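Q: Here it is, the structure in full.
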């Protein structure tokens, strides 16, 4: 295959990640792009930018430009410009924070406004994050699915902390944008391999109960 033919199989997609500041957008983008989870919360101011190249069926190489938009930009003048030209939009909320789910109406209204003013109609995906905290869930799956059905969103549930379904979410979005259907084997192959950190701690007397600090990692195949 010539260089020009190889280049023709390379695609670039702009994926914009929107949602409230505590929904875990940055952790989601970082987990996908760098396969790590940031344990310390750091609010995104304005815009963060991530890149990752993936391969879809048919040996199609796709570079995803992930635009992590700060939660405070919802009323800002730059938000329209950040969204403009996106092929995909992830609306991210925290499944344990009902307000973060309700606020997606405001985020989506901006997406619709930009779409009407541009020639690009992005694929919109609804992403429920922090499913590792299922016992603290306040947004029922039925609510999530109804919102998807009413607006034609694709549906995803992930955990940026454990890495559960993070890569699969981005892979599915990219494939749907490009009109590529993933088969069951490809989906299963993209599922996260569960791993555990080894936590080292000092020896303590047997009479004392030791609760070492818990650690988490994001591992993506």
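Note: Cβ is positioned from N, Cα and C throughout, glycine not excepted.
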Q: Of 50-67, 68-85, 86-103, which span is tagged region 'Switch II' by Swiss-Prot?
A: 68-85
Q: Which one of 20-34, 35-49, 110-124 shows up in Swiss-Prot as region 'Switch I'?
A: 35-49
Q: Across all chains shown, how many C-beta atoms besides its own are within 10 angstroms of the C-beta of residue 26 (Mg(2+) binding site)?
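A: Looking across every protein chain shown, the total is 23.
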